[in-house]
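Visitor: What TrEMBL shows for this protein is this:
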{"type": "TRANSMEM", "residues": "21-40", "note": "transmembrane segment"}
{"type": "TRANSMEM", "residues": "46-68", "note": "transmembrane segment"}
{"type": "TRANSMEM", "residues": "89-111", "note": "transmembrane segment"}
{"type": "TRANSMEM", "residues": "117-138", "note": "transmembrane segment"}
{"type": "TRANSMEM", "residues": "150-170", "note": "transmembrane segment"}
{"type": "TRANSMEM", "residues": "176-195", "note": "transmembrane segment"}
{"type": "TRANSMEM", "residues": "216-238", "note": "transmembrane segment"}
{"type": "TRANSMEM", "residues": "258-283", "note": "transmembrane segment"}
{"type": "TRANSMEM", "residues": "304-326", "note": "transmembrane segment"}
{"type": "TRANSMEM", "residues": "332-353", "note": "transmembrane segment"}
{"type": "TRANSMEM", "residues": "365-384", "note": "transmembrane segment"}
{"type": "TRANSMEM", "residues": "390-411", "note": "transmembrane segment"}
Amino acid sequence: MKSALLKILNNSRVRNSIWMVIEKGVAFFGLIFVVSAVAKYLGPTIYGYLALASSVFAIISVIGRLGLDQIYFKTVSKNNTKSSYLIDNMMWTMKLIYLPISLFVLCFFYFKVESHNFIYFIATAIATYLITIDLRAFHLDALLLSKFNVLANTTGLILSLIARYFIVYLKLDPQFLAIPIVLIALVPYLMRIYFFKREKILIGNRNFKVIHFKKYLNYFLKAGVPLAISMLSVSIYLQSANFILMFLEDSAAVGIYSIASMLAGAWYFIPTTIILSFLSLIYRQNDEYEYIEVAGTILRYLSLISGFIIIVLYSLASPLILWLYGPDYKQSVLVFKILLFSYFFSVWGFFFYRLVIKFGGYSFLAKKMLFTCVLNIILTYFLIQRYGVVGAAISILITEFLSNIVFNLWYPKMKMPQIVLKCIGVKK
């Protein structure tokens, strides 16, 4: 038994998963003990503006990345490149896309929100910029060196949580929350730069030429745009509830929904960490039988882990939310319960999304997610009109089921039916 356990722990992918879970675990406890205090301190209305800023720049981040983060991860997973030429050109592409769009959006909200709330949009724009261009994090994950990401991200997170705690404890002006918003992205970004230079993970490129960048840009646009469309569609339909709630209801409704969504997805890091750690193993499978065996086995464990967590959280929903966030967020309870099940389908979607990428199905992803996005916006609008905040949760549940279970059947290369049969233990 002991030798078997040691064998498991010595597996590089298992160790990598453990490191990633540790990082997200720290974030989870931060969510419980600090973010909940901030939400109580601010109340649903101001917290709604924080959530709105996060939603807006989450979408801009997807546009700025152009799907290049997934392409880079896949490239490094298959071929451990030492040249910085690819990452340099990708980061320049992201900067050229993200900065103009974010400046335009900031100008728009400058005239739309009160000045004391606008600071949250500026801070979120800066933090999201650093997160967007930081491909070094994907490089480390691809090489199963997530422990260095854990160190960087956890340091930034802890400093950010400490700052948030003292802002609430000392009852400072809520605008000071802009500082921890930036810290949580800036600290890991700087630490990864230092680590890459110290360990010489990449060979620096001093001969950057515009003509070469143009060639790379053409490739990035060709490969990245379809992937970006699919990811953008996902981001829009995940954030559309916040926008439509703001339009039809108010910022308090956004705050109530955001709290439920954040808490319902707090466990999401566990299955996605497993997927990312074992993804390179799936990408290397060329034999169809072995591919189905590996993918089906991973999906089985993902489903069991996710199902167990959902059952526990569902049973604790009401006391958990009232304890963490107080009676002002009582409406979040039912929303939280519904969103728990939507995250189960989201885990499957996260997994199958990566399998489609393995087979180069960028065009399929773009078409599927574009259709899903339009469908979700329509559902969200009408369901919010009829059921309010609860309608937003129902629309996400329906969308996640259709997108991740039904629509994926239209991509036969992935062998989804065979993988699902393997997952549930049915032998063909």
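Please read every residue number as a count from 1 along the shown chain.
Just so you know, glycine gets a Cβ as well, placed from its N, Cα and C.
Please treat TrEMBL annotations as automatic predictions, because they have not gone through curation.
Give me the local environment of each listed feature.
Guide: Within the chain, the transmembrane segment (89-111) has long-range Cβ neighbours (under 8 A, six or more residues past its boundaries) at 56-57, 60-61, 63-66, 68, 72, 118, 121-122, 125, 128-129, 132-133, 135, 212-213, 216-217, 220.
Among residues of the same chain six or more beyond the transmembrane segment (117-138), those with a C-beta under 8 A of the stretch's C-beta atoms are 46, 49-50, 53-54, 56-58, 60-61, 64-65, 68-69, 72-73, 76, 87, 90-91, 94-95, 98-99, 102, 105-106, 109-110, 149, 152-153, 175, 177-179, 181-182, 184-186, 188-189, 192-193, 196.
For the transmembrane segment (332-353), the list of distant contacts is 256-257, 259-261, 263-265, 267-268, 271-272, 275, 298-299, 302-303, 306-307, 310, 313-314, 317-318, 321-322, 325, 365, 389-390, 392-394, 396-397, 399-401, 403-405, 408, 414, 416: same-chain residues at least six beyond its ends, Cβ to Cβ under 8 Å.
For the transmembrane segment (365-384), same-chain residues at least 6 beyond its ends with a Cβ under 8 Å from one of its own Cβ atoms are 225-227, 229-234, 236-237, 240-241, 244-245, 248-249, 353, 356-357, 391-392, 394-396, 398-399, 402-403, 407-408, 410-411.
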Visitor: Looking only at residues six or more beyond either end of the transmembrane segment (390-411), which have a C-beta under 8 A from one in the stretch?
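Guide: Non-local partners: 237-238, 241, 244-245, 257, 260, 334-335, 338-339, 341-343, 345-346, 348-349, 352, 356, 359, 361, 364, 368-369, 371-372, 375-376, 379-380, 382-384, 417.
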Visitor: Taking the transmembrane segment (216-238) as the reference, which of 46-68, 258-283, 304-326 gives the largest number of Cβ pairs under 8 angstroms?
Guide: 46-68
